[in-house]
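Here the structure comes first, spelled out in structure tokens, and everything after it is commentary.
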């Protein structure tokens, strides 16, 4: 549930209508979830988000979480995830894919995904992932976690923008200074800091600064 007790707003992005229909039917049986939109490609997804902002410029009708497929015609799920992470950092992306290759998983996380599940995961796993991501955590199924741990160190999962923010943190810059240097809002910088801490398993600001200083070349 959201802070105000309203349902979590979801956007389904998959180029297969049958997959979207199945997901919608399953998710809509859960009282605290609401599927507010569907898209079969990146263009349709971005148009939907723009329409939400046109309706409410404050973003009150934007989805809070996107269930993202990776294989789509035109702009793929990895690139779309990166675009959403950059343009709509308040929207969490949870990848639901057939790809069990570690390279896809690493790329998805680096693009900004908060979680990654395989399409053959049971429905309860998807629900657990949604709840975890919406409470500020990342979520990877057991199979995905194993492949990620074998593939890379945590720092390699940072997006380029998160690496930029980390370098500024290492230089002792405050959020406002980082925002001005990177052309971002202060709120977006705060979101990047939170995502960095989640990916690195860091709890406090002091630990984050220490890590940034010790890993300037990340």
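From the backbone N, Cα and C atoms, a Cβ is placed for every residue, glycine too.
Now, the feature entries from TrEMBL:
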type	residues	note
DOMAIN	9-134	domain 'Response regulatory'
DOMAIN	151-216	domain 'HTH luxR-type'
MOD_RES	69	4-aspartylphosphate
DSSP state at residue 69 (4-aspartylphosphate), helix/strand/coil: coil
Surrounding CB atoms that lie within 10 Å of the CB of the residue listed as '4-aspartylphosphate', all protein chains: 23
The domain 'HTH luxR-type' (151-216) [mean pLDDT, rounded to integer]: 83
Secondary structure content, the domain 'HTH luxR-type' (151-216) (per DSSP, counts of residues): 49 helix, 0 strand, 17 coil
